[in-house]
């Protein structure tokens with residue numbers, strides 16, 4: 001049996017009387033991009049919060065590289081290589097791009113920060129990832145939403161993340177900006193050492209960038225196909241059928 | 001050549017400290033013209049001795065403001081610290097060189113208390129430090145019986161001169177402290193994390209920065225600096241006075257200096273060099289108008305207007321800076 005960078009078996013989570021997740025089985029392969037879709041309230045956010053160590057599941061097993069773990073906190077999950085990228089929340093507007101890239105992982109030549117080294121490495125790394133910025137010394141406040149998102153992703157990759165969780169990375173973003181992020185994800189895929197789980201509403205974009213698509217319904221994964229084996233029509237039909245069923249209830 | 005000069009002036013004007021430096025120099029020119037005494041050695045000593053206490057406390061205030069907090073109790077800690085020194089030396093026979101760090105340590109402990117209440121019990125720092133202000137004031141008046149005392153005999157001599165009585169002693173300390181904490185804020189991890197915690201508390205915590213530790217540390221630094229200023233001033237005026245302006249005046253001057261120097265109350269940005277220049281501007285205004293012959297009452301009015309004008313200008317300038325020309 002092959003081991004996956006991240007796999008969950010039988011995950012359940014209840015909040016009082018509400019069952020957010022009933023029985024979730026899901027995995028992401030090495031270097032794979034998994035698209036997680038589902039209606040509002042299907043439990044996507046709860047699932048992501050469990051995967052990043054924020055919530056503890058009531059039942060089920062989490063496997064990182066094949067071995068069972070209990071994620072104690074977001075920090076703990078991060079130390080295991082599972083990193084979440086939140087749009088905007090992650091960066092400090094008042095700091096430069098390179099200080100943000102190295103936030104809390106600064107290069108220090110005691111007692112001073114090695115600004116030059118951090119600047120050079122940030123430049124190299126961003127260029128390497130295909131993120132074009134005029135100047136890494138500029139304050140993050142002066143950048144666009146897409147550029148900020150790209151920096152946040154680049155930072156996670158730089159910190160040796162093995163699994164990246166992207167929650168709605170394209171929300172509130174223009175077409176050009178969205179393309180930039182999609183390019184970044186494609187580039188990660190090409191490198192093949194970082195796995196990505198991406199939550200998105202735009203199915204066309206999901207199919208465009210993902211290797212595999214999972215649909216979360218009523219707290220269960222009800223659909224799991226390779227992106228090449230499904231289509232925009234099929235995904236749309238699935239969700240529309242779900243609407244109809246709910247209407248009939 | 002012209003281009004190089006323009007780049008230089010452009011770079012200079014974009015620095016936050018530029019406007020307040022220009023104001024400080026402008027005031028110097030104005031008061032020199034108005035009074036020939038202004039730039040004499042004796043008066044420069046006066047200005048230096050008025051600048052130093054404000055500047056030193058303002059260093060702590062800047063760190064706190066940048067990390068998104070404030071301390072209203074620092075002035076009363078300054079009034080309390082020399083009494084601690086007096087109690088330790090005169091009542092318990094502790095040698096000066098031990099009593100001095102002990103007094104600073106107790107001052108820092110008050111900062112620790114402030115920090116713990118703010119970060120662990122989630123009480124706003126404005127309210128917390130208002131509470132500790134009155135509590136420490138009560139403690140001070142009870143233990144001192146509200147009477148001034150002469151400084152301890154053991155403190156006299158070399159220690160007194162070095163710590164504050166020498167004409168340039170206090171400003172020398174101020175410059176050293178400003179230099180150290182300027183580096184801390186701009187070139188060290190502590191400063192970077194202080195900015196992060198004030199600029200984006202959620203993001204900083206997400207990145208694994210322990211916000212409480214940073215804030216508590218900055219409260220402790222501020223209180224310790226307040227304690228140092230109190231002891232310096234006692235050495236300078238030869239008396240330990242519980243009713244000294246320290247209580248509120250020092251705090252308000254320090255906050256004014258920080259704000260005039262270009263530190264925002266909103267957190268995330270600030271400058272320690274700016275606060276030193278802010279303290280200099282305040283000292284110049286006070287000293288200069290005094291020399292010209294305005295009464296102390298008029299000076300308060302002018303001071304208030306100066307703070308308002310500089311803050312309005314600061315708002316306007318930072319909007320300009322944000323708008324463009326990166």
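Cβ atoms are placed via backbone N, Cα and C, with glycine included.
Unlike curated records, TrEMBL annotations are generated automatically.
What TrEMBL records for this protein:
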- B:20-39: transmembrane segment (TRANSMEM)
- B:45-65: transmembrane segment (TRANSMEM)
- B:72-89: transmembrane segment (TRANSMEM)
- B:95-116: transmembrane segment (TRANSMEM)
- B:123-142: transmembrane segment (TRANSMEM)
- B:162-185: transmembrane segment (TRANSMEM)
- B:252-279: transmembrane segment (TRANSMEM)
- B:299-317: transmembrane segment (TRANSMEM)
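By the Cβ criterion (distance under 8 Å, sequence gap of 6 or more), the transmembrane segment (B:20-39) is counted as touching the transmembrane segment (B:252-279), at least 3 such pairs being found.
Simply put, out of B:45-65, B:72-89, B:95-116, B:123-142, B:299-317, B:45-65 has the most Cβ pairs sitting under 8 Å from the transmembrane segment (B:252-279). At the 8 Å Cβ cutoff, the transmembrane segment (B:162-185) and the transmembrane segment (B:72-89) share fewer than 3 close pairs (sequence separation 6 or more) and do not count as touching.
Cβ atoms under 8 Å from those of the transmembrane segment (B:45-65) belong to residues 71, 74-75, 78, 125, 167-168, 170-171, 173-174, 177-178, 181, 185, 194, 198, 215, 218-219, 221-226, 228-229, 232-233, 236, 250-251, 253-255, 257-258, 261, 263-265, 267, 270-272, 274-276, 278-280, 282-284, 286-287 of the same chain, restricted to positions at least 6 beyond its ends.
Sequence-distant contacts of the transmembrane segment (B:299-317) (same chain, at least 6 residues past either end, Cβ-Cβ under 8 Å): 19-20, 23, 256, 259-260, 262, 281-282, 285-286, 289-290.
With a threshold of 8 Å between CB atoms, the same-chain residues lying at least 6 positions outside the transmembrane segment (B:95-116) that come near it are 71, 73, 77, 80-82, 84-85, 88-89, 125, 128-129, 132, 136, 152, 154-155, 159, 163, 212, 215-224, 226-228, 230-231.
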